[in-house]
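Trainee: Can you keep this structure in mind? I'll have questions shortly.
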Amino acid sequence: MNLKELLNNIEAKIYGKVSPIEVRNLTKDSRNVGFGDIFIANKGKQFDGNDFSPLAIENGAIAIASSIYNPFLSVVQIVSSNLPQLEAELSAKYYNYPSKKLCIVGVTGTNGKTTVSHLIKTLFDGCNKPSGLIGTIEHVLGNNRIQDGYTTPESCLLQKYLAEMVKNRLTSAVMEVSSVGLVLERLAEVDFDVGVLTNITLDHLDFHGSFEEYINAKLKLFSKLPATGLAVVNGDLSYASRFLEMTQAQPITYGIECPADYRAMHLRSSPFGTDFDLVYRGESLPCRLPLIGKHNVYNILAAIAVAHQHCNGDLQQLISLAANVESPRGRLEPVFSGPCPIYIDYAHTPDALENVCKTLHALLPEQGKLIVVFGCGGDRDQSKRQIMAEVVERYGFAVVTSDNPRGEDPEEIIKAICSGFVKRNFSIEIDRKQAITYALSIASDRDIVLVAGKGHETYQIFKHQTIAFDDKEIVREVLSSHV
């Protein structure tokens, strides 16, 4: 597409002479700009992209998209007071509106987004509905897998990924939809067909300011759904009705405690999985899930509801597929399954930590204890630090350590966490590797060890550096050194 075609009917002020020169790419990173690119000069917390516009032009940019006009720039300028919306419009048009050619499933909620998205993709694929995935661990675009660190990528990347899915002849895209991504308008030009709500608990208050604003951000997904779409909501949530009232889409509920369209009853748990009866329209079907934890029953219910409704899938076929699913990396992932099982999990909110601790505590043999290695991320919601300690204290012994301290002092973060303990049933080890080593050294054959907070991550972020760090590899390293 050339620049003249791209800018035709775009809602923005255009400065400079627009020629039919071919557009090669849209990017927000001036270092990646080449000839024919449009540079999106975004103003972030640390850097102002407008400061890098001259470098982008030097590298070959043919146009600059910005929220301000700069009279000293020599190329076409596309100016809008709402730059995120402009970025979304330009990106969607440039890639020929790929979301209109896919079934787009958006999964939102505080916890469970990654697992539910992964399970929906698994069921879609099993029903011969090849799908892509946009999420925290990775983006699956067909044979191409990308890890860029975004749960919900910025518009110029998101539209590019969706276009690649179309090119690879996928029929669906399952997306994790973060509240931050919704507020920042990264999804402004994405046409959703299905919205899924997993749960709502405290998180991201550092960004949203209040719990009410956090809920309002999540509601944006459901307000985008068309009348022909599906709103799949956890009916056990106290906020469920707000989400269903917000949308014109067909309401579908799932749950365990309350009557729902898809309800799990008579849960039976073991170290190897969970059995339950799936009740749908008065019919009860036995289900076997090879994942542990009540929270994973909610996750598979959401996935089955989406696949059954949207793929017109056979319910018994979906139940058979569910019996063979795997959990995503770093989600209650067993690293060692012998005496004293060891798990890693991404749990970094009070609710997620409660779910995994409660699940593992129920599996303890008599006189066994749960040992939990955890910390809290720096430069993030500080209100949850004390609560995390309260959660762990209810279920076992805590080894408090560093997570991703970022710009904060790790000792200060740990001090805030420890203020939540009532008993002295915890230990402190700032170095995460040493904390894992210590936890394994004090564990007996009757104990279970949980290393929480980072899950699939392979790095640790400090103020002045990011180092390679993988909880799973550290556990394996410590175990091998003690063989």
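Each residue, glycine too, has its Cβ placed from N, Cα and C.
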Trainee: Can you say which of 403-406, 431-434, 455-458, 463-466 is given as motif 'Meso-diaminopimelate recognition motif' in Swiss-Prot?
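Mentor: It is 403-406 that Swiss-Prot describes as motif 'Meso-diaminopimelate recognition motif'.
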Trainee: Given that Swiss-Prot annotates ASP403, ASN404, PRO405, ARG406, GLY453, GLU457 as meso-2,6-diaminopimelate-binding, name the residue from ARG331, ARG380, ARG476 that shares the site.
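Mentor: Among ARG331, ARG380, ARG476, only ARG380 appears alongside ASP403, ASN404, PRO405, ARG406, GLY453, GLU457 as meso-2,6-diaminopimelate-binding in Swiss-Prot.
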Trainee: Between any two of ARG380, ASP403, ASN404, PRO405, ARG406, GLY453, GLU457, the residues recorded as binding meso-2,6-diaminopimelate, what is the biggest Cα to Cα distance in Å?
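Mentor: Binding-site diameter by Cα atoms for meso-2,6-diaminopimelate: 17 Å.
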Trainee: Rounded to an integer, what is the Cα-Cα distance in Å between GLY109 (ATP binding site) and PRO405 (meso-2,6-diaminopimelate binding site)?
Mentor: 24
Trainee: Around the meso-2,6-diaminopimelate site formed by ARG380, ASP403, ASN404, PRO405, ARG406, GLY453, GLU457, list the extra residues of the same chain whose Cβ is within 8 Å of the site's Cβ centroid.
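Mentor: Output for this site, in sequence order: HIS348, GLY375, CYS376, GLY377, GLY378, SER402, LYS454, GLN460, ILE461.
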Trainee: Near the motif 'Meso-diaminopimelate recognition motif' (403-406), which same-chain residues lie under 8 Å Cβ to Cβ, leaving out any that are not at least 6 residues past its ends?
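Mentor: Counting only partners 6 or more residues beyond its ends, the motif 'Meso-diaminopimelate recognition motif' (403-406) has Cβ contacts under 8 Å with 348, 374-380, 413, 432, 453-454, 457, 460-463.
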Trainee: Which residues of the same chain, at least 6 positions away in sequence, have a Cβ lying under 8 Å from the Cβ of GLY112 (ATP binding site)?
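Mentor: Sequence-distant Cβ neighbours: THR198, ASN199, HIS295, TYR298, ASN299, ALA302.
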